[in-house]
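In what follows, a structure is listed as structure tokens, so that the remarks can point back to it.
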Amino acid sequence: MPNMEPTTKEIKEQKIYQEMGLTDSEYELVCSILGREPNYTETGLFSVMWSEHCSYKNSKPVLRKFPTEGKQVLQGPGEGAGIVDIGDGLGVAFKVESHNHPSYVEPYQGAATGVGGIIRDVFSMGARPIAMLNSLRFGELDTPHAKYLVSEVVAGIAGYGNSIGIPTVGGEIQFDPCYTKNPLVNAMCVGLIEAKDIQKGQAKGIGNPVMYVGAKTGRDGIHGATFASVEFSEEGEQQRSAVQVGDPFMEKLLLEACLDVIRDHSDILVGIQDMGAAGLVSSSSEMASKAGAGLELIMDDVPQRELHMTPYEMLLSESQERMLLCVKKGHVEEIQALFERYGLEAVVIGKVTDDKMYKIIHHGEVVANVPVDALAEDAPVYHKPSKEPARYQAFQEEDAFVPVIDDVVGVWKELLAQPTIASKRHIYEQYDYQVRTDTAVVPGSDAAIVRVRGTEKAIAMTTDCNSRYLYLDPEVGGAIAVAEAARNIVCSGGKPLAITDGLNFGNPEKPEIFWEIEKAADGISAACLELDTPVISGNVSLYNETDGTGIYPTPVIGMVGLVEDLAHITTQDFKNSGDVIFLIGETKAEYSGSELQKLQQGKISGRAPELDLATEKKYQQLLLTAIQEGLVASSHDLAEGGFGVALAEATFKAGLGADVEVPFELNQLFSESQSRFLVSVKPENEAAFAKLMELEKVYRLGVVTADETIRVKHKEELVTASTSDLRSIWEGAIPCLLK
């Protein structure tokens, strides 16, 4: 087949590089680095490696703000996943990854391959994946297309996770109009590792072979990384070839084989990395660059499943289920024999060199030869202009929204029927959350908990972000996202350790959006410092806009905590009638950005709820101490829908009721003030609990009752609701909306 690729002259004169994603100034920079004009393959390499998705060129200045260190950190940002220490020589590896753009175009495969990619990131570190979580955003469930997206995304996550045998144990889903054409699909994987097995993605040692393992390379997903770095338009729907197709059974074999190599052949393994965004070029150039080495790759040896593939296509393909290994010279057969046992091919496709060049050979000719650091490290970094949006000042100055509630129980029922609040059982029942049999707390409580085999420990995990608060005030909202994640971990009996962040924003070239990114990072950083949860991994997804309409700022916080003893595991539901109910924290009239404001006004506006990080930290530490001392029967964080929703949720599982008198007016039942916890305590532990909390704003409200009735009293006012009525509304809402 004759080569139909454009010449260097055509690339320059017709500005073909622009179609590939390079700006004029970036193209000039490539020319000056090379001392010549790049050919088509080289232009492709730079365009994809310098995309935002691979280089973080627009977000690097912001990412530098994050605290990334702590005594618990074994591996910070920069590798496939971050790792924290949980004692006993064990670590937990975790990371969140977005697959937003592909999931709009091809929701089943987009979501499935998002799951596959994040699993590879975790096992490339040497960790065995033990759990998956996800954080999803969709538009309102009032159109057939919205329902289709939800059904297909959930089916894709379930199809991949269930097949590979990793439990999907938790997550969150929110519905807002801004996500109608920009759904967000963020997947998080958590793995367990012996600290001695931690791997690096590096290719070093002159002459050491580089091996390609796993599925063959096809034309799927070419320019997936560039596709994720531009705004959507209606034509974007046509870009299906940029969406990859996944095979979870192949991935299961790959996972076991790679962990085998790491466990039993670590002496001959130099480095290992997943082929993710930007495929082979990204994994290979990063591995060489990190080691200060060069690489020579022979494209003829890359396993191909389609005919006449060009070097450009092979290097940029994002075919799934592929890994790159660097091994010591003389041990290729040993590695090949191991992979053969799993029915996988392991092929030498190149070697490490000492000239720091990235050299690509095809049919005996050099088709690309560029400095490896130029690809992997030297992408230009942009300090984008930042400008406060007009809405921010308007929200700050606006009179606070005060709801009019004539019928408290009626509003209560309406809130429980909102899809963001309603039970997600219909969704998570499609996931296998018990496979591997270590899931101690299943979906539906504040955090998921997975036991650590052979110890008395467990790992608590959650994903959180209320993007409405970030729309009102990205700095406060960013801090609240971290605080809420930590609250969920603490309520479950865990000590928060670290976070991974999935930063989903609109187009960074708009100064108002870049301002959102900066402010959100400031808020996240402040909360991480106060709560001692460094950022150890993450992902940035920008350009979440379609036809000029962007999403709310949505930095998803994935957090992991350590439950030091299985006896500390705590869930949100009341356990026994007669238990005493307490509220930790103060309730104010804070409705801006709340589920109630959205319900009554059809929009959100005003000042975000206040967050005092010192108070947050103090309450979290007190509650965790109370749980560890065995004083707490149940605990639940107050989030969307405030006290009213939390109280109802606590009664549902066991079919109990509650008889409480609250220290605030009844229309504040649905206020979303921060730093609050609903706790129940056995009568015999009441005195000890009260003593521990005695100097704080902690209120004894009443007791859990055996009848299925919730009674809430304030002064002379009393409202009464049936637990079973509320529960049937809460459980029935999403199945009904998805019909």
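Placement of Cβ uses the backbone N, Cα and C atoms for every residue, glycine included.
Predicted, not measured: the structure shown is a model, and the values here were computed from it.
Among ASP24, ASP501, ASP573, the residue that Swiss-Prot places alongside TYR56, LYS95, GLY538 at the ATP binding site is ASP501.
ARG120 (substrate binding site) has a Cβ environment of 27 other Cβ atoms inside 10 Å. According to its DSSP assignment, ASP121 (Mg(2+) 2 binding site) is helical.
Taking the Cβ of LYS95 (ATP binding site) as centre and 10 Å as the limit, one finds 27 other Cβ atoms among all the protein chains shown. Note: the ATP site is recorded as TYR56, LYS95, ASP501, GLY538; in the same chain, LEU63, PRO77, VAL96, THR500, GLY502, LEU503, VAL535, SER537, ASN539, VAL540 also have Cβ atoms within 8 Å of that site's Cβ centroid.
Looking only at the binding-site residues SER98, GLN320, ASN539, the one with its C-alpha closest to TYR56 (ATP binding site) is ASN539.
The full span of the recorded substrate binding residues, SER98, HIS99, ASN100, HIS101, ARG120, GLN244, GLU318, SER319, GLN320, SER541, taken as their largest Cα to Cα distance, is 20 Å.
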